[in-house]
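J.: Below is the structure I would like to discuss, written out as structure tokens.
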Amino acid sequence: MTLRHLLLAVLFSTVSAYAAHDVEPQTVVLRLRADSPTARAWIEAGRKGPLTSLTSIIGDHSSEGYVSDATLKAYQWALDKRPQTIVTSNPGHTVARIAVVHYSALLPPLTLARKLATHPDVDYAEPLPVRRIDGTPNDPLAVDQYHLGKIGAFEAWDMLPEGVSTVIGVVDTGVDTTHQDLGANVWKNTGEMGLDNNGFDKRSNGIDDDRNGFVDDWMGWDFLGADGQSPDNSPLPGNPHGTHVGGICAAIVDNHLGVAGVARNVRILAVKVGRDDVNSRTVGRTGDGILYAASMGASVINCSFGSSAQSFADIDVINAATGLGALIVAAAGNDGDDLAYYPAAYPNVLSVAATNTADRRAFFSNFHATVDVSAPGQGILSTVLNQGYEAYDGTSMASPVVAAVAAMLRMVRPNFRPDEVLAVIKATTDDIDAENPFSVGRIGTGRVNAPRALQSSTARWASLTSTTFIEETPDDVFAPGEDITLRLTVKNILDPLSNATLTTRIIPSDVAPLITSGPISVGAMQRGEERTLTDMVRLTLPDDTPMNGTLRLLIVLTDADGRTVMRELVTATVNPSYRNMTENDIKTTVNSMGNIGYNDYPNNEQGIGLSYIDDRSLLFESGLLVGTSPTNLSNVVRGAATSFKDTSFHATRVVSIMRDSVPDGIRAVTGYDDRYDNYATGVSVRQHVYQSPADSMRNVITAVYDVTNRTDTVQSDVYLSLFFDWDIGTAGLENGCAWDFDNGIGLVQHANRPDLPSVGVSMISPNTVNFYAIDNDGNSTFNPGIYDNFIRAKKWLMMTSGIGRSNSLVTDVSMMIGAGPFALSPGQTQQIVFVIGAGSTYDDVVKGIRAARNRAVNMGLNATTFVRTPRADRIVHVENGPTLSPGTTEIIFELQSRTPVTIDIVDALGREIRTVYDQPSVQPGVHNESITIPDGASGNYFIRMRTFRGTTVSPYSLIR
């Protein structure tokens, strides 16, 4: 396997990771494919209203642009005004195709986004993350502006050219433009000031005088207003956070008042993306805010907000703003964790961690390989509301320190591109590794140094643009003891390198590899040159590499004079808790806790799903369930909150791929138990998944579960099932699920696309089979949906009902299939075997499953030839009938699913004579019971059997 990092620390899928993050309810963001029918229709409708072609997926909904029409107009206005030497790209048409969809269905945003992402008119779809500001008040008596001296701000001021200024966009909760220590440095829009042709004040004449798309935006803009939906031209704050950030950047210097900003000769463009609520810490319409600031001329934009959720829409906006020449600087987050935080962690954003007075990482600051630099962020004194001053903590405070340094650098080097400004700041930091030995490589290159940045007329800096790990054996895993290589692509951003050398250093983590290669000669590199190195870093993983271990390598490039010109941390997850199986036409992933397809529901980025021949996954989720009751039900499928799965099982043996003990092909072996779960059944499971390349079995895999009672009591009614959420075709819609009584297979097909694959699952052990066809959007007692609140009671119903629901509607479908009940004494093991197949036609599925069943029998697994399951509840045979005498006789009846059963004797007129059998709950299958035929007058009678599915009768004649 190759593990490649291209531009980002991790590669995005078509839906980003959101499961553990706050998102806006009933809202998704999607980008429509260029020139698609849906995009054309939406744009013609004014970028609003329902997306008609997607209504079958979304249901009732409305839409709006991710950025407003006014912002798009401002962006085009800026493009038209700026020289092409500054405008590096024009992705505005991309931003124009991003829609925010508000829907009414009770469907989790992540689930809907994943379905929308499969539509051919959709480039990507994602939830809308909730972003929060990253600063909190500290001791109001901390009046020392230590950060100015720490970064050398005073020296930097003396290096600034005369008569030159620049603009910092403060995209935040608003700025108190009336503050005595700040107001004079607030940017004003001269196009919206003065008098118009009618003698009216342009600031309030209700006219877009400068034709930038915004009416009366004479000192910035408020994108939310009081209620979050009412933008206006007053960026005055609710929460004081933005005012504090603005003061750090640009509080007035030498005015004998309060505090001084880090930068001189700068103005701040106030862009309000917070509500008019002093206590609100969330922000919205940040894409509008960033693009507006760039369009209005900000050379640096500070974003002291974020979350740990990635967003394609954010990337599109940031690319557009960067294309206008703006450098985005952002806070690394305040979780105090090794965590990528966005937007800071995007590759063309300058990410800032926070330090304290001693240059140590502040306790609250995140640290991660995506962090570029550090800056003081603890106890930072700045402006707040009501002409006040307070000290705040946060990476929100560190970020504007760096933004201000970047702004001063842009005055000194006005022709530098945003990436060159970023590189200079990284190249000129002070090394603080000694103060932070446990954060090396994860708090950037060091603490920012303003005068070094400004005086660096010959700065040199390079960056890694691609890293690719390559394993020794192509088995899709970096295993313990394995030799791996690291291929690197380096780009020189600043001045030429004369004779660079690359070295690799191991950063302490839970994996300590042996580096077997030496320094790599890179040689000379010209400005802007990008090169994939011929020599590679080589290393060997230790034999004790833990499951999901983190490999950390610090890659350092030094030039001939010994100066460091690149310093980046490369990370990788090794010995993952899942393995891919690709031995035949079924390609799938098996993990170490009972899931097939993906390891990380609902993000589904770890694993390849389950596909047939091509790489399009047919599976959204699959997992094992073992239980004895609704309250003792261990499982690893989605739960009460659909964005999270139940995690009852924990690995006792990491999954591995083996070739022993199989006639041909491979098997994935793992083990897990439920000892840590509050709802534990009390079992351990050993799992084998077999995959054969034999022609007759190229379209199937066989999954074997050996479940053992690990308690000291008998478990008399154990059920074991597999759950599958299938998605065949666009969004998994127009699928149908049914039970094939003639072959014992649960099947799923697309109702209107015979060209798409069919899938099927069969439980092939000699146990009672249970099957439930599920409408994912169901909403009744016996058709419970799973889009939300998939509680254990619902799971138990589906696991224990025999052929409980043999057909779904045509919709988005899932299935539950399994075995039970069976008994387990303490320490006893029961083996249950399944076959999962796919094919171009359903006949291919049947043939493959039949071949796998025969193979399983020959291998000595707990498998048997197929025995048809009942299609209905009925009386099959009455001993000695249809002529009976009073007394005991045997009756055979079969049941499709678990049900109450009452058998009574009625006469020819339908009058009940006697109840001869009455049980409140009888298992599905064939039953042989003794009943007593009552004495009575000779004549014709009926044996009547009633279940919840209906009534069946068997006539007889009584002879005395």
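These residue numbers are counts, starting from 1, taken along the chain as shown.
Cβ coordinates come from backbone N, Cα and C, glycine included.
TrEMBL does not curate its annotations; it predicts them automatically.
Summarising the annotation, TrEMBL assigns signal peptide to 1-19. The domain 'Peptidase S8/S53' annotation in TrEMBL covers 165-432. The active site, charge relay system annotation in TrEMBL covers D172, H241, S396.
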J.: I'd like the number of other C-beta atoms within 10 A of the C-beta of D172 (active site, charge relay system), please.
T.: 32
J.: What's the CA to CA span in angstrom from H241 (active site, charge relay system) over to D172 (active site, charge relay system)?
T.: 7
J.: For the domain 'Peptidase S8/S53' (165-432), what's the mean pLDDT in this predicted model?
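T.: Summarising the domain 'Peptidase S8/S53' (165-432) by its mean pLDDT gives 96.
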J.: Sorry to bug you, but what's the C-alpha spacing from S396 (active site, charge relay system) to D172 (active site, charge relay system), rounded to the closest Å?
T.: 10
J.: S396 (active site, charge relay system) has how many other Cβ neighbours within 10 Å of its own Cβ?
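T.: The answer is 33.
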J.: Just counting, how many other CB atoms are there within 10 A of the CB of H241 (active site, charge relay system)?
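T.: Taking all protein chains shown, H241 (active site, charge relay system) has 31 Cβ neighbours within 10 Å.
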J.: Helix, strand or coil for D172 (active site, charge relay system)? Use DSSP.
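T.: In the DSSP reduction, D172 (active site, charge relay system) maps to strand.
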